[in-house]
Every structure is written in C-alpha cells, then in structure tokens.
Amino acid sequence: MAKQLSFSNESREALEKGVNFVANAVKVTIGPKAKNVVIEKKFGSPDIVRDGSTVAKEIEIENPISNLGAKLIEQVASKTKESAGDGTTTATILTQKMVQEGLKNIASGANPMELKKGMEAGLSFVLEKLSSKSISLSGSDIQKVATVSAGGDEEIGSIISKAMDIVTSDGVITVEESQSLETELDITEGMSFDRGYSSPYFVTDQERQVCELENPKILITDQKISTLVDLVPILEEIQKSGSPFLILAEDIEGEALTTLVLNKNSGVLNVASVRAPLFGERRKAALEDIAILTGAKLISEDKSMTLDKVSINDLGKAKKITITKDKTTIVAFEDTKDLVKGRVEKLKREVNITESEYDQDKINERIAKLAGGVALIKVGAATETEMKYKKLRIEDSLNATKAAIEEGVVSGGGQTLIEISDDLLNLSKTSTDDLRTGINIVKEALLEPTKQIAKNAGFNGDVVVAEIKRLNKGFNANSGKYEDLKDSGILDPTKVIRLALQDSVSIAAMLLTTEVAMADIPEPEAAGPGGPGADPMGGMGGMGMPGMGGMGMPGMGGMGMPGMGGMGMPGMGGMGMPGMM
C-alpha cells in the first residue's frame, strides 16, 4: 500500500493534533467530579464510561498522520492500565502537556535529543522524590484508597475493603455481573495461579483479552501433550455434553495446540488450555491441590495413568474459570469444601515436620492459596449500560487498591506532584540550555493533573495550583476546600503515579524526537458491480457451510484429523475449516 510521508515540524504538528484529540476526550474523566463519555457500539446499547484507556481505544482520526499520534497516546493509556490497572487518565494528561511544551521549544530551535535527556533526568529525580514521600498502606486506609479510585463512590470502596479483609491482599477477588439490582459480595472456594492461556485464540472476550469458561469440565495431568490421539475419546464425550473444557497440563504444544485452536475457532469445542504452574515436584504438588479443589483425578505418569484411559468421571469441574494472558482464576463449587479443608490440614502437618525454612514458606503459600478462597463482587444494575459502567469502576478501584498495597500511597489530588515540581527547580538550576528546558517540561507537566481535576469540578486550575503552593495543603475537589489530604483519606497509589510518569515521559520523548511520520494512504472504496450505490453483495454466490473432518488422527478411518471440508468456488458450498470433528 502507498505511504503518506510527513517531515520534521509538519509531522510533529500532525502527531500533536492526534495527541490533543485523544487527550481532550480522556481528561474529562479524572477526579471525583469527572464527567462521563458515551461511546457508540456497532452492536447493542452504547457504553457510558469514565475510564481513560477505554475512551482512548475507541478513537480513530481521519488524517492518517494525526491518527498515529492518537495511537501513540492510546499506547500510554493501555500500557499504564496493563501495568498498574489504573492511572490511565493521569498518564494521558502528563503526556499531552509534555508534547505541547516540547514542540513549542523545538519550534523555537531547541534540540529534541537534548530535551529528551533533560526529560529523562527530570523523571529520575521525580521518581526518587516520589519514593521518599510514599507511606505504607494501613488497614484502615484500604477503604479510603478504594473509594477515591472509584471516583468517590463509598459503596464500592466499602465492598472492596471487605473483600480484601476476608481474603487478604494475596487472595483472589473477581468481578462479575449479577442478576439483581444490588451489588453484593460473596465468598466461595477457589484459587488462582500465575499461568495464562496457551494461545490468545482461546480468548472469549476480545475487548478485555480474557477467556471465560462457565461450568467447565477440567482435565488435569502432569504429562506433556503434543498430539491429541489419546484424547479423542474424551473429546468426543465433551463435544456431546456441550460443556466448556479446560486442559491443564505440563505443556500442550504442536499439533495438539493447533487442533484445539482450530476446533475452538470453528465452534466445534469451547476449549482452552493452560500450562501447569511452578516446576518439578512443586508443579506436581500444585496440580494435586488444583485437583482437590475441582474434584478431578490427577492423570499422572507416576501412577501409570495414560490419557487414552481418561473418562468423564476423571474430570474436575468449576463454577467459572477466568484466564488472562498470565493468570488463571478458578471459582470452585462448595461440594469440594471438605476435601479442601482436609488438604489444608495435611499441608499444615507437613509444615510442622519440615525443617527447611524455604520448604515451609512454599507449603504456606499453597495453604494460603487453598484456604483463602475467592471473593466474588457481583455487580448489580438496572440496565446493561449501567452494569458495564459500574463494573469498570469497580475493576479500576480494585486494581488501584492492590497497587497501593504493593508500593504504598502518597497524598492524592495531584498534591504530591506539585510538591515534587517545586523540588525540580533545584535540579533545573544546575543544568544548562536544552537539558534544563527538558527538565522544565516535566516540571510544568506535573501541575496538569491537579489543574484538570479542579477544572472538572468547576474551579480555575491555575488558581487552585497557586493556592496549594501558598497554603501548603491539598485541594479536595469534592468539597472545594484546601486541607491535609492524607488526613482526609484522599490518597493515590504510589505505583500508579510512578507508572503513569514513566509511560508518559517514554512516549512524549519518542514523539518529540520523531523526524518522519509514515502512514498508509487510504484507498478509495471500490464501487460495486452495479456502480456506486449498488448492492455491495450483488454477484456473490451462496455461502456454504464449512466441511467437518472427523475426530482422530490420519489413518483412523472416518475419524481423520485434521480433515478438510469440501472446497468449492464461491456459491458452491464454501471452504471448510480444517478440524478434527
């Protein structure tokens, strides 16, 4: 495809337009008085959101070069979301200000590379100061952080605080939709471990990049699976039952993984696979724990068990399994509660007779996973749109609270960034020329989150920042008063602020040092066979159904795998998918 090229100031100005386009839509979502953004969806009702990452992902700009700028700032939001779970709007606001100030200075003759060095020096200084101001999160502060992160929603803050108190910070907390109007907290059996899906093709929710299986059957084995020959009988039983299916194995690779993906995509099986957690003997022990939790039989080589002998009775079950790219969460049924309790007691006895402190720690980790259970936050709402909105708010608040437990908290409302901005003066004075300018770009950007929080609450941002500096107090946008924000419980997770700063400086510096921008030139839409305005589907043949191969391996008669369906010309039956069923 032909490329459109843009050079030097022209390219940077076009990129800036894209950055501003996204940032101006995103920054209304920051603070306790934030505004909502309504997003049209191709199917279903529109979404109403107050989440920077969600807004940024939906934006496309007609100008291809400006759209590159939009995608760069969307990357800031998504990266911060992925790493910290919150802080996307803060990161976006910081990036926009750095880009704007940087481009002004470049237009005046500043060297982009020196600006970049200055910005990076400023970032290092800011992160050091941020760490020194961070304090550990006490138990009573958990609800405060959760409430602030939920935009001041005390109900959400209370529910998350209760969930954290019951399952502890290491426990599993999941958010799901409820059939009622009320948002409730439910504690059930379950656990999570650090392994994700074997292939992204198993994802069931493309927007969240998550695979969710409701009431699945579960095969657990310590064997490596590279071919599905031995699993054909059990797969046929699963297909007949219509149940979702999870394979948890030492590894699943090659032909076996390819075949599962093909059958998943063709709708033959609702299946996913996950590699077993840990390594060596600890892996086997972890699989035994999961087998107890789900009521499965561990198919182990040590017991001379083979996959071809697996029956439906050997499989485990769960209420729900949620799999991300790096984590699996199992919500179990209550009927395994006694088995889990017995397993925990057995592990406690092992701790008492184990002399190695390292082994004791590892066994205690297993006990915590098994005994902790899963806290289910069931989100209730009157409409589908409200449900999505509340669910996003709870997920953001939960992520921010976990981040606060990890690295502590600082005064919220942007107050900490303003204090550090003043400290940057000392570093700026010891630097020269464009290096100093780069530091000052970061210094000015640190004021922007507070200005936008104030603006969203109906106040003048510049006046608010000046008053914060004069009074040496923070600004409570809820009450419109200046006060000690730590005493008021307005706290920001240090991790969220740190990652927002790192991601914003990274993208802003890259954009400022860009000299050439290249984008595809959009091709004009081709006219249909009948000319402009004609039915675009005209002239197409009928669409045939995919042909279905049999189940099994080549050479097994009518159960060949992967079998090709009939391949015909358009309108003659269509092209079959390779599959095994």
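Quick reminder: no glycine exception, Cβ is built from N, Cα and C everywhere.
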From G171, G190, G413, the one annotated by Swiss-Prot with T29, I30, G31, P32, D86, G87, T88, T89, T90, D492 for ATP: G413
Segment assigned the feature region 'Disordered' in Swiss-Prot (from 422-441, 522-541): 522-541
Packing count at G31 (ATP binding site) (other Cβ atoms within 10 Å of its Cβ): 26
D492 (ATP binding site) in three-state DSSP notation: strand
Per DSSP, three-state class assigned to T29 (ATP binding site): helix
